[in-house]
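Below: one structure, written as structure tokens.
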Amino acid sequence: ETIMLLWSFIVSVYGIGGFLGSLCCGYLTTKYRKKKCQMFTNLIMLVAALFMAFSKTAKSFEMILVGRFLYGIGTGFSLNIHPQYVGEISPKKLRGFTNSTVAVFLTLGKLTGQVIGLREILGSEALWPWLLASSGLSALVQLVTLPFFPDSPSYLLIQKGNEEAFRKAIRKLWGEGDHQAEIDDIMKEKVAVTSTKTLRVLEVIKERSLRWQLYILMTVMTTLQLCGINAV
């Protein structure tokens, strides 16, 4: 019973970490910018991978527990930051496509985990710590490549008010072509943001004009959890 309790807690602590990461994400991305937060998230994932990789050598199930918790925090951050950052750095005609990559790579990651988790690959008694640590590889790739990307143009203009850096980021991301339509959209967004109050979670729940959108969102997310996909 004790082993079952510990195992269940190790599995579920990932969700607790994800919940905490999601809660902190909005405040931290506003204060420290999305690219910087994503790089910090990659460091968290790498630390988690190290805990996983050396847990068997140290004969410590606590290291697996901590690693799962850190993975959860990193995932909570990434699932919020990634769609925002990718959407903001993409030209308008590619924005829908790039945002769909979140679901595509999430599914691809699950598939890859299932494949390399086979006993013939990394699912053996000797190699399972490296299976648990394999998520650190993608975090390392992103950590190395992200510094070469500029901050999102909308962040530079709306949050920082730096129009020169804003136009420089657009040229670096989208080339030297005519991007006036995207620039106009970001300018309109800046005007809208300055004239609109940012609502907190409780204020969103109380806001009558958002009531039906909130109902629809809650219904979709609830039925998604109850549709059986997690069991599958």
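Glycine is no exception: its Cβ is also placed from the backbone N, Cα and C atoms.
Whatever TrEMBL says is automated annotation, not expert-curated.
The domain 'Major facilitator superfamily (MFS) profile' annotation in TrEMBL covers 1-232.
TrEMBL lists 6-28 (among others) with the feature transmembrane segment.
Among residues of the same chain six or more beyond the transmembrane segment (40-58), those with a C-beta under 8 A of the stretch's C-beta atoms are 32, 64, 66-71, 73-74, 77-78, 81, 128-130, 132-137, 139-140, 142-143, 146. Feature annotation from TrEMBL assigns transmembrane segment to 40-58 (among others).
As annotated by TrEMBL, transmembrane segment applies to 64-82 (among others).
Annotation source TrEMBL lists transmembrane segment at 94-116 (among others). Sequence-distant neighbours of the transmembrane segment (94-116) (same chain, 6+ residues past either end, Cβ-Cβ under 8 Å): 79, 82-83, 86-87, 122-123, 131, 134, 138.
Within the same chain, residues 35, 38-39, 41-43, 45-46, 48-50, 52-57, 64, 67, 71, 74, 89, 109, 113, 116-117, 122, 173 sit at least 6 positions outside the transmembrane segment (128-149) and bring their C-beta atoms closer than 8 Å to a C-beta of that stretch. If you look up TrEMBL, you'll see 128-149 (among others) marked as transmembrane segment.
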